[in-house]
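Let me begin by presenting the structure, written as C-alpha coordinates, before commenting on it.
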Amino acid sequence: MGDSRETFGPNAFVTGYPVKHSRSPLIHGHWLRTLGLAGSYRAHEVSPDDFPTFIAALKNGSSGFVGGNVTIPHKETAFKLADRPDDLSVELGSSNTLWLQDGLLHATNTDGRGFTVNLDERHPGWDRTGRVVILGAGGASRAIIQAVRDRGIGEIHVVNRTVERAQELADRFGQRIHAHPMAALAEAMRDAGLFVNTTSLGMDGEAAPQIDFSPLAKNAVVTDIVYVPLKTPLLAQAEEQGFAIVDGLGMLLHQAVPGFEKWFGKRPVVDEALRAIIIADMEKH
Ligand code: ATR
(Lines of atoms letter the chains of each structure in order from A and count residues from 1; the text may use other names and numbers.)
(Lines give C-alpha, C1' and ligand atoms only; values in the text may rest on other atoms or scores of the structure.)
Protein backbone atom coordinates (compact mmCIF):
# COMPACT_ATOMS: atom_id res chain seq x y z
CA MET A 1 0.00 0.00 0.00
CA GLY A 2 1.20 3.50 -0.80
CA ASP A 3 1.49 6.18 1.79
CA SER A 4 -1.96 7.76 1.93
CA ARG A 5 -0.53 11.01 3.28
CA GLU A 6 0.92 11.62 -0.20
CA THR A 7 -2.56 11.77 -1.70
CA PHE A 8 -3.36 14.90 0.27
CA GLY A 9 -1.43 17.95 1.31
CA PRO A 10 1.20 19.98 -0.50
CA ASN A 11 3.65 18.40 -2.91
CA ALA A 12 7.23 19.64 -3.13
CA PHE A 13 10.23 18.59 -5.23
CA VAL A 14 13.97 18.66 -5.54
CA THR A 15 15.10 19.10 -9.10
CA GLY A 16 18.56 18.80 -10.61
CA TYR A 17 20.31 17.05 -13.48
CA PRO A 18 21.08 14.44 -12.35
CA VAL A 19 19.12 14.40 -9.09
CA LYS A 20 19.05 10.74 -8.04
CA HIS A 21 21.91 11.19 -5.55
CA SER A 22 20.08 13.95 -3.67
CA ARG A 23 19.50 13.19 0.00
CA SER A 24 16.84 15.90 0.29
CA PRO A 25 13.92 13.41 -0.06
CA LEU A 26 15.25 11.56 3.00
CA ILE A 27 15.43 14.78 5.00
CA HIS A 28 11.96 16.08 4.12
CA GLY A 29 10.42 12.62 4.28
CA HIS A 30 11.71 12.28 7.85
CA TRP A 31 10.18 15.63 8.84
CA LEU A 32 6.83 14.90 7.16
CA ARG A 33 6.67 11.59 9.04
CA THR A 34 7.78 12.81 12.43
CA LEU A 35 5.58 15.92 12.32
CA GLY A 36 2.64 13.82 11.07
CA LEU A 37 1.98 16.14 8.16
CA ALA A 38 0.16 15.38 4.92
CA GLY A 39 2.22 16.05 1.82
CA SER A 40 5.05 14.73 -0.30
CA TYR A 41 8.58 15.64 -1.31
CA ARG A 42 10.21 13.84 -4.18
CA ALA A 43 13.15 13.98 -6.57
CA HIS A 44 12.12 15.16 -10.02
CA GLU A 45 14.85 15.12 -12.65
CA VAL A 46 14.63 17.89 -15.25
CA SER A 47 17.17 18.55 -18.01
CA PRO A 48 18.41 22.11 -18.63
CA ASP A 49 16.41 22.23 -21.89
CA ASP A 50 13.19 21.31 -20.10
CA PHE A 51 13.75 23.50 -17.04
CA PRO A 52 11.92 26.65 -18.32
CA THR A 53 8.84 24.52 -19.17
CA PHE A 54 8.99 22.94 -15.70
CA ILE A 55 9.08 26.39 -14.06
CA ALA A 56 6.23 27.62 -16.28
CA ALA A 57 4.09 24.67 -15.12
CA LEU A 58 5.04 25.40 -11.51
CA LYS A 59 3.96 29.03 -11.91
CA ASN A 60 0.62 28.28 -13.56
CA GLY A 61 -0.22 25.58 -11.02
CA SER A 62 -0.44 22.72 -13.50
CA SER A 63 2.59 20.89 -12.05
CA GLY A 64 0.76 20.20 -8.79
CA PHE A 65 3.78 21.40 -6.79
CA VAL A 66 3.77 24.25 -4.25
CA GLY A 67 7.52 24.69 -4.58
CA GLY A 68 10.77 22.87 -4.13
CA ASN A 69 14.53 22.80 -4.02
CA VAL A 70 16.76 23.40 -6.97
CA THR A 71 20.25 21.99 -7.28
CA ILE A 72 23.05 21.79 -9.85
CA PRO A 73 22.84 22.89 -12.69
CA HIS A 74 19.59 24.86 -12.26
CA LYS A 75 20.29 27.32 -9.43
CA GLU A 76 21.14 30.28 -11.67
CA THR A 77 18.23 29.69 -14.07
CA ALA A 78 15.82 29.27 -11.15
CA PHE A 79 16.88 32.68 -9.87
CA LYS A 80 16.37 34.26 -13.32
CA LEU A 81 12.92 32.71 -13.81
CA ALA A 82 11.55 33.53 -10.34
CA ASP A 83 9.08 36.41 -10.03
CA ARG A 84 10.24 37.44 -6.55
CA PRO A 85 13.84 36.49 -5.77
CA ASP A 86 14.86 37.84 -2.34
CA ASP A 87 17.89 40.05 -1.70
CA LEU A 88 20.19 37.11 -0.89
CA SER A 89 19.39 35.47 -4.24
CA VAL A 90 19.79 38.72 -6.16
CA GLU A 91 23.30 39.28 -4.82
CA LEU A 92 24.29 35.63 -5.36
CA GLY A 93 22.60 35.30 -8.75
CA SER A 94 21.28 31.88 -7.72
CA SER A 95 18.40 30.31 -5.80
CA ASN A 96 18.01 26.88 -4.24
CA THR A 97 14.52 27.23 -2.73
CA LEU A 98 11.29 28.14 -4.58
CA TRP A 99 7.72 28.58 -3.35
CA LEU A 100 4.45 29.91 -4.71
CA GLN A 101 2.81 32.69 -2.79
CA ASP A 102 -0.19 34.70 -4.00
CA GLY A 103 0.32 33.35 -7.50
CA LEU A 104 3.96 34.45 -7.73
CA LEU A 105 7.10 32.35 -7.67
CA HIS A 106 9.34 33.41 -4.77
CA ALA A 107 12.98 32.36 -4.46
CA THR A 108 15.73 32.43 -1.88
CA ASN A 109 19.08 30.80 -1.30
CA THR A 110 19.46 28.95 2.00
CA ASP A 111 22.99 27.57 1.57
CA GLY A 112 24.69 30.37 3.51
CA ARG A 113 22.16 30.12 6.33
CA GLY A 114 22.72 26.36 6.47
CA PHE A 115 26.43 27.02 6.84
CA THR A 116 26.20 29.54 9.69
CA VAL A 117 23.46 27.75 11.62
CA ASN A 118 25.50 24.53 11.51
CA LEU A 119 28.54 26.35 12.92
CA ASP A 120 26.40 28.09 15.56
CA GLU A 121 25.18 24.69 16.69
CA ARG A 122 28.45 22.76 16.51
CA HIS A 123 30.92 25.47 17.50
CA PRO A 124 29.16 28.40 19.17
CA GLY A 125 31.30 31.51 19.31
CA TRP A 126 32.98 30.81 15.95
CA ASP A 127 32.02 34.34 14.85
CA ARG A 128 34.08 36.06 17.54
CA THR A 129 37.06 36.05 15.19
CA GLY A 130 37.95 39.01 12.99
CA ARG A 131 39.36 36.87 10.20
CA VAL A 132 38.10 33.93 8.13
CA VAL A 133 39.81 31.96 5.34
CA ILE A 134 37.72 30.36 2.61
CA LEU A 135 39.36 27.91 0.21
CA GLY A 136 37.61 27.83 -3.19
CA ALA A 137 35.62 30.27 -5.29
CA GLY A 138 32.73 28.25 -6.78
CA GLY A 139 28.99 28.44 -6.16
CA ALA A 140 29.17 27.14 -2.59
CA SER A 141 31.92 29.59 -1.74
CA ARG A 142 29.73 32.54 -2.78
CA ALA A 143 26.90 31.66 -0.43
CA ILE A 144 29.36 31.17 2.45
CA ILE A 145 31.20 34.44 1.76
CA GLN A 146 27.85 36.25 1.81
CA ALA A 147 26.71 34.61 5.06
CA VAL A 148 30.02 35.13 6.87
CA ARG A 149 30.17 38.77 5.71
CA ASP A 150 26.59 39.34 6.86
CA ARG A 151 27.62 38.01 10.29
CA GLY A 152 29.95 40.99 10.48
CA ILE A 153 33.34 39.24 10.23
CA GLY A 154 36.01 41.89 9.60
CA GLU A 155 38.21 40.20 6.98
CA ILE A 156 37.35 37.32 4.68
CA HIS A 157 40.27 35.87 2.71
CA VAL A 158 39.31 33.82 -0.34
CA VAL A 159 42.09 31.55 -1.62
CA ASN A 160 41.66 29.82 -4.98
CA ARG A 161 43.69 27.90 -7.56
CA THR A 162 42.35 30.32 -10.19
CA VAL A 163 42.90 33.63 -8.42
CA GLU A 164 40.76 35.52 -10.95
CA ARG A 165 37.66 33.70 -9.69
CA ALA A 166 38.49 34.70 -6.11
CA GLN A 167 38.99 38.30 -7.27
CA GLU A 168 35.56 38.29 -8.94
CA LEU A 169 34.02 37.34 -5.60
CA ALA A 170 36.01 40.01 -3.77
CA ASP A 171 34.68 42.57 -6.28
CA ARG A 172 31.12 41.30 -5.89
CA PHE A 173 30.92 40.98 -2.12
CA GLY A 174 32.70 44.12 -1.02
CA GLN A 175 35.72 45.60 0.65
CA ARG A 176 36.03 43.09 3.46
CA ILE A 177 36.72 40.27 0.96
CA HIS A 178 40.33 39.69 -0.17
CA ALA A 179 41.50 37.37 -2.98
CA HIS A 180 44.67 35.25 -2.95
CA PRO A 181 46.31 32.55 -5.08
CA MET A 182 47.07 29.13 -3.53
CA ALA A 183 50.71 30.10 -3.02
CA ALA A 184 49.55 32.70 -0.48
CA LEU A 185 47.49 30.24 1.58
CA ALA A 186 49.76 30.19 4.64
CA GLU A 187 49.88 33.98 4.76
CA ALA A 188 46.11 34.27 4.33
CA MET A 189 45.59 31.84 7.21
CA ARG A 190 47.61 33.85 9.71
CA ASP A 191 45.61 34.28 12.93
CA ALA A 192 42.32 33.37 11.25
CA GLY A 193 39.70 31.89 13.58
CA LEU A 194 37.84 29.91 10.92
CA PHE A 195 39.06 27.90 7.91
CA VAL A 196 36.44 26.71 5.40
CA ASN A 197 37.06 24.27 2.56
CA THR A 198 34.53 24.76 -0.25
CA THR A 199 36.47 22.84 -2.90
CA SER A 200 36.02 19.24 -3.91
CA LEU A 201 39.51 18.37 -2.62
CA GLY A 202 39.31 15.10 -0.67
CA MET A 203 35.75 14.31 -1.74
CA ASP A 204 34.71 10.66 -1.96
CA GLY A 205 38.00 9.50 -0.52
CA GLU A 206 40.21 11.22 -3.09
CA ALA A 207 43.64 12.29 -1.93
CA ALA A 208 43.86 15.81 -0.55
CA PRO A 209 46.94 18.00 -0.33
CA GLN A 210 48.72 18.30 3.01
CA ILE A 211 47.85 21.56 4.68
CA ASP A 212 49.80 23.05 7.56
CA PHE A 213 47.09 24.68 9.67
CA SER A 214 49.55 26.09 12.22
CA PRO A 215 49.27 29.72 10.99
CA LEU A 216 45.63 29.73 12.18
CA ALA A 217 44.72 31.19 15.58
CA LYS A 218 45.19 28.60 18.35
CA ASN A 219 41.46 28.28 19.04
CA ALA A 220 40.50 28.21 15.34
CA VAL A 221 37.88 25.88 13.92
CA VAL A 222 38.23 24.09 10.56
CA THR A 223 35.18 23.08 8.57
CA ASP A 224 34.52 21.44 5.21
CA ILE A 225 31.35 21.61 3.12
CA VAL A 226 32.11 18.15 1.73
CA TYR A 227 30.35 15.61 3.97
CA VAL A 228 31.22 12.35 2.21
CA PRO A 229 33.18 11.13 4.05
CA LEU A 230 32.04 12.92 7.21
CA LYS A 231 35.63 13.36 8.33
CA THR A 232 37.32 14.50 5.13
CA PRO A 233 41.09 14.22 4.76
CA LEU A 234 41.37 17.96 5.42
CA LEU A 235 39.35 17.68 8.64
CA ALA A 236 41.41 14.68 9.74
CA GLN A 237 44.60 16.67 9.20
CA ALA A 238 43.24 19.67 11.10
CA GLU A 239 42.20 17.47 14.00
CA GLU A 240 45.59 15.78 14.13
CA GLN A 241 47.15 19.23 14.28
CA GLY A 242 45.03 20.07 17.31
CA PHE A 243 42.24 22.17 15.83
CA ALA A 244 38.50 21.93 16.44
CA ILE A 245 36.60 20.58 13.43
CA VAL A 246 33.00 20.76 12.20
CA ASP A 247 31.75 18.45 9.45
CA GLY A 248 29.59 19.58 6.53
CA LEU A 249 26.53 17.40 7.05
CA GLY A 250 24.78 19.97 9.24
CA MET A 251 24.92 22.54 6.45
CA LEU A 252 22.93 20.19 4.21
CA LEU A 253 20.38 19.57 6.96
CA HIS A 254 19.96 23.20 8.03
CA GLN A 255 19.66 24.59 4.49
CA ALA A 256 16.53 22.45 4.14
CA VAL A 257 14.64 24.05 7.06
CA PRO A 258 13.25 27.25 5.45
CA GLY A 259 11.86 25.44 2.39
CA PHE A 260 10.06 22.83 4.47
CA GLU A 261 8.43 25.58 6.53
CA LYS A 262 7.26 27.42 3.38
CA TRP A 263 5.76 24.35 1.72
CA PHE A 264 4.34 22.46 4.67
CA GLY A 265 3.69 25.23 7.22
CA LYS A 266 5.70 23.92 10.15
CA ARG A 267 9.27 24.63 11.17
CA PRO A 268 11.18 21.36 11.46
CA VAL A 269 14.19 20.71 13.70
CA VAL A 270 17.55 19.26 12.81
CA ASP A 271 18.29 16.59 15.39
CA GLU A 272 20.53 13.58 15.92
CA ALA A 273 17.86 11.21 14.55
CA LEU A 274 17.97 13.02 11.21
CA ARG A 275 21.77 13.03 11.15
CA ALA A 276 21.72 9.29 11.85
CA ILE A 277 19.36 8.65 8.90
CA ILE A 278 21.65 10.46 6.47
CA ILE A 279 24.79 8.83 7.89
CA ALA A 280 23.18 5.38 7.53
CA ASP A 281 22.33 6.20 3.91
CA MET A 282 25.91 7.33 3.26
CA GLU A 283 27.16 4.00 4.57
CA LYS A 284 24.89 2.12 2.12
CA HIS A 285 26.33 3.80 -0.98
P1 ATR B 1 30.79 24.47 -6.40
O2 ATR B 1 29.77 25.26 -7.14
O3 ATR B 1 30.28 23.17 -5.86
O4 ATR B 1 31.50 25.25 -5.36
P5 ATR B 1 32.73 24.73 -8.58
O6 ATR B 1 32.09 25.98 -9.07
O7 ATR B 1 33.07 23.71 -9.59
O8 ATR B 1 31.84 23.98 -7.50
O9 ATR B 1 34.02 25.12 -7.73
C10 ATR B 1 34.90 24.17 -7.31
C11 ATR B 1 36.02 24.84 -6.51
O12 ATR B 1 36.97 23.83 -6.19
C13 ATR B 1 36.77 25.91 -7.25
O14 ATR B 1 37.22 26.88 -6.33
C15 ATR B 1 37.95 25.13 -7.83
O16 ATR B 1 39.08 25.93 -8.16
P17 ATR B 1 39.17 26.69 -9.60
O18 ATR B 1 38.28 27.88 -9.50
O19 ATR B 1 40.60 27.04 -9.73
O20 ATR B 1 38.70 25.68 -10.62
C21 ATR B 1 38.26 24.23 -6.69
N22 ATR B 1 39.00 23.02 -7.07
C23 ATR B 1 38.53 21.91 -7.66
N24 ATR B 1 39.50 21.00 -7.85
C25 ATR B 1 40.64 21.56 -7.34
C26 ATR B 1 41.99 21.12 -7.22
N27 ATR B 1 42.39 19.91 -7.66
N28 ATR B 1 42.88 21.96 -6.65
C29 ATR B 1 42.51 23.18 -6.19
N30 ATR B 1 41.24 23.64 -6.27
C31 ATR B 1 40.33 22.85 -6.85
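Along the chain as shown, residues are numbered 1 onward.
Positions of Cβ are set from backbone N, Cα and C atoms, glycine also.
Nobody curates TrEMBL annotations by hand; they come from automatic prediction.
For 14-98, the entry in TrEMBL reads domain 'Shikimate dehydrogenase substrate binding N-terminal'. Residues or ranges marked as shikimate binding site by TrEMBL: Ser22, Arg23, Ser24, Thr71, Asn96, Asp111, Tyr227, Gln255. Annotation source TrEMBL lists active site, proton acceptor at Lys75. What TrEMBL records for Asp87, Gly136, Ala137, Gly138, Gly139, Ala140, Asn160, Arg161, Thr162, Val163, Glu164, Arg165, Ile225, Gly248 is NADP(+) binding site. Marked as domain 'Quinate/shikimate 5-dehydrogenase/glutamyl-tRNA reductase' by TrEMBL: 130-200. The annotation domain 'SDH C-terminal' is assigned in TrEMBL to 248-276.
Among the binding-site residues Ser22, Thr71, Ala137, Ile225, Tyr227, residues whose Cβ is positioned under 6 Å from ligand 1 are identified as Ala137. Nearest neighbour of Glu164 (NADP(+) binding site) by Cα distance, taken over the binding-site residues Ser22, Ser24, Asn96, Asp111, Tyr227: Asp111.
Secondary structure at Ser22 (shikimate binding site), taken from DSSP and collapsed to helix, strand or coil, is coil.
If you compare every pair of Cα atoms in Asp87, Gly136, Ala137, Gly138, Gly139, Ala140, Asn160, Arg161, Thr162, Val163, Glu164, Arg165, Ile225, Gly248, the residues listed for NADP(+), the longest distance is 29 angstrom.
Cα to Cα, Asn96 (shikimate binding site) and the residue listed as 'active site, proton acceptor' are separated by 6 Å. Among the record's shikimate binders, Ser22, Arg23, Ser24, Thr71, Asn96, Asp111, Tyr227, Gln255, no two C-alpha atoms are more than 19 Å apart, and one pair sits at exactly that spread.
Look at the recorded positions Arg23, Lys75 and count other Cβ atoms within 10 Å of each Cβ; Arg23 has the fewest.
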